[in-house]
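S.K.: Below you'll find the structure I mean.
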Amino acid sequence: MTTVLGIEGTAWNLSAAIVDEDDVIAEVTETYRPKTGGIHPREAAQHHALHASDVIERLLKEYRDKGHSPENIDAIAFSQGPGLGACLRTVATSARALALSLDIPLVGVNHCIGHVEIGRWKTPAVDPVVLYVSGGNSQVLAHRAGKYRIFGETLDIGIGNALDKFARGAGLTHPGGPKVEEYARKATNYVKMPYVVKGMDFSFSGLSTAATDALKDNSLEDVCYSFQENAFAMLVEVTERALAHTGKSEVLLAGGVGANMRLREMLDLMCEDRGASFYVPERRFMGDNGAMIAYTGLLMFNSGTTLPIENSHVDPSFRPDTVDVTWIADEKEVL
């Protein structure tokens, strides 16, 4: 049975995990928490560099304590991108050192695809349309003709960053998304705001700015509610279009913003109307985590994909639709 150690560190979370084909065997996470404002890339990278050795040591100890030997690990996987360049480089350095130390192959994993594959692993989803929503990314994807094709995506910022930007302007503490959700539950009125869907793409920067301006004349609760309703309706609309276009019968929600219960409710209602199945992995697998990198690395390793050390550069703009999905049989579909 294949066993892979994976390291995630594209932004906030430094997380490492060891998985086999059945389950997550061990996992350790250290989260960067800024004193004020949003993420500071240099500080986040320093955090990851400071804690990387300790996280890996604790992970290997947990692995040994469960009766396993590091000699059983077949490969080291790491988040190659997309993400913050400084954070990616820090994690890549740790992964290279570990692979050389254990004399085992290295696997570079696309962070976005990691979210998709952990969702497919930990839910009954087989061939879903995926709504991937996180801080820096918002995309609608589905597997076709050997790749995860992007059917729609943000034209500017990710929904998570839009929520955080608005929350900071409203004086809410980080992370902003859960605070916005909390206040939205107490709303009594809808405030008209921009709704921007262009073809199959969406935009959030104008909505975030409009929501901040709306605080001058409306309650925080009503603005939070209206921001969520518009943003999530845009995401659900494009997901529904992709579902109709592809003819698929499953929707998978992935990424940290997927923890929002209102977004889940809206997607669930849409899927019910269309006769599609809706899947969400448990909360621990929604945000950035080492298990998703380890498991996707396992899939890649088992399909013959490894990465020479000399080619293991990171890519802060690494798009999921550039990755050959060698671990899923090509149905020879036509786009």
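Note that Cβ sites are derived from N, Cα and C of the backbone, with glycine treated the same way.
Below, the features straight out of Swiss-Prot:
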BINDING   H111, H115, Y132, D288  Fe cation binding site
BINDING   Y132, V133, S134, G135, G136, D164, G177, E181, N260  substrate binding site
S.K.: G136 (substrate binding site) to H111 (Fe cation binding site): how many Å between their Cα atoms?
M.R.: 11
S.K.: In the same chain, which residues outside the set H111, H115, Y132, D288 have their CB within 8 A of the centroid of the CB atoms that define the Fe cation site?
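M.R.: Apart from H111, H115, Y132, D288, the close residues are T10, C112, I113, G114, V116, S134, N137, A254, G255, G256, M292.
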S.K.: What kind of secondary structure is D288 (Fe cation binding site) part of, going by DSSP in three states?
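M.R.: Where D288 (Fe cation binding site) sits, the three-state DSSP reduction gives coil.
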S.K.: Taking only the residues the record lists as binding substrate, namely Y132, V133, S134, G135, G136, D164, G177, E181, N260, what is the largest Cα to Cα distance between any two of them, in Å to the nearest whole number?
M.R.: 19
S.K.: Around H111 (Fe cation binding site), how many other CB atoms lie within 10 A of its CB?
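M.R.: H111 (Fe cation binding site): 27 neighbouring Cβ atoms within 10 Å.
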S.K.: My understanding is the cutoff is Cβ-Cβ under 8 Å with a sequence separation of 6 or more in the same chain; which residues meet that for G177 (substrate binding site)?
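M.R.: G160, L163, D164, A167, G256, V257, A259, N260 - these are the non-local Cβ neighbours of G177 (substrate binding site), listed in sequence order.
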S.K.: Using DSSP and collapsing to three states, where does H115 (Fe cation binding site) fall: helix, strand or coil?
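M.R.: Once the DSSP labels are grouped into three classes, H115 (Fe cation binding site) ends up as helix.
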